[in-house]
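Structure, as structure tokens:
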Amino acid sequence: MATWNHILLIDSNSPLMEQLNFFHDHTLLIITLITILVGYNMLSLLTNSFINRFLLHGQLIEIIWTILPAIILLFIAFPSLRLLYLLDETNKPSLTLKSIGHQWYWSYEYSDFKNIEFDSYMVPSAELNEGDFRLLDVDNRIVLPNHTQIRLIATATDVIHSWTVPSLGVKIDATPGRLNQTNFYMNRSGLFFGQC
């Protein structure tokens, strides 16, 4: 869970979130290199007084500064597309969890078992115990196994809701009249907080 002094992304608890963290670092490195290069060029333009008459009208330099950004964009686009396909892939889930969004709570059903369903309400601020998190703790938590491929089916009864657990790298919209599905895999056990 992120705290008030947390600067980077939160620690990952799933392989997909690890890939998202790697992609973030990869893209940030490229952006940093571009920023340094552009800053150096601007500083050198402001400080030097040399004029080259061949640099004013040059087809070669125009080709270079057109093709170079396209190549840089490919270094961002290919890992991004790979990650998009990885996030959308569903691999033979061992467990299915159905999540139904309501106005102020969520209903959950373990679809692989009979009659296992419950409602999960947020704990009011006045009833929080020492060490509980305000606006994150609920009265009935979901219990899921780790090292298991889990499919999540989300829908809503009234308005569009968003079911997300940032440390798992999963976010799905729950829309009335529609079933959306995603999957996730937990590397380790723990208490993971989600938001709506």
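For all residues, glycine too, the Cβ spot is worked out from N, Cα and C.
Over in TrEMBL, the protein carries these features:
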- 1-91: domain 'Cytochrome oxidase subunit II transmembrane region profile' (DOMAIN)
- 27-51: transmembrane segment (TRANSMEM)
- 63-87: transmembrane segment (TRANSMEM)
- 92-196: domain 'Cytochrome oxidase subunit II copper A binding' (DOMAIN)
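Within its own chain, the transmembrane segment (63-87) has Cβ neighbours under 8 Å at 16, 19-20, 23, 26-27, 30, 34, 169, 182, counting only residues six or more beyond its boundaries. Panel annotation: around the transmembrane segment (27-51), residues 72, 75-76 of the same chain, lying at least six beyond its termini, place a Cβ under 8 Å from a Cβ of the stretch. Taking H, G and I as helix, E and B as strand and the rest as coil, DSSP gives the domain 'Cytochrome oxidase subunit II copper A binding' (92-196) the counts 6 helix, 46 strand, 53 coil.
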